[in-house]
Amino acid sequence: MELKTFAFLQIAAFIALGVQIFFVGTDALGDEDQLFSVEYCGTNCTQQDDGKWTPCSGKNGKCKCYHEDGKRYGLCLYTEYTDFSQYPNPEGSEIENTRPRP
């Protein structure tokens, strides 16, 4: 009896977790106020014998080395996060002022 109750509770917990993950995932897909972009800088980076990583150049020094744990090589990537929710929506008069004048 106790085993059946425990199994039932486990199944209920997994179902609740699955529903939660589904709703969080679909909510994140509809979030258009945030943008996260990644660009390859055209170079790779390697770990030297002293443990330091070779520097990444490009994008005015904003490229960083990203690598997996235990690997001695990685990619130089430029990442940028933009939160558009911090900017107000333009109003009609602001849009009219941006039109080219004859």
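Even glycines carry a Cβ here, placed using N, Cα and C.
Over in Swiss-Prot, the protein carries these features:
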DISULFID  Cys41-Cys63  disulfide bond
CARBOHYD  Asn44  N-linked glycosylation site
DISULFID  Cys45-Cys65  disulfide bond
DISULFID  Cys56-Cys76  disulfide bond
Around the Cβ of Cys76 (disulfide bond), other Cβ atoms within 10 Å, all chains included, total 22
Inter-residue Cα distance where the pair is Cys56 (disulfide bond) and Cys63 (disulfide bond), in Å: 6
Minimum Cα separation from Cys41 (disulfide bond), reported as the residue among disulfide-bonded residues Cys56, Cys65, Cys76 that achieves it: Cys76
Non-local Cβ contacts of Cys56 (disulfide bond) (under 8 Å, 6 or more apart, same chain)? Cys41, Thr43, Cys45, Cys63, Lys64, Cys65, Cys76
Specify the secondary structure state of Cys63 (disulfide bond) as given by DSSP, simplified to three classes. coil
Other CB atoms, at most 10 A from the CB of Cys63 (disulfide bond): 22
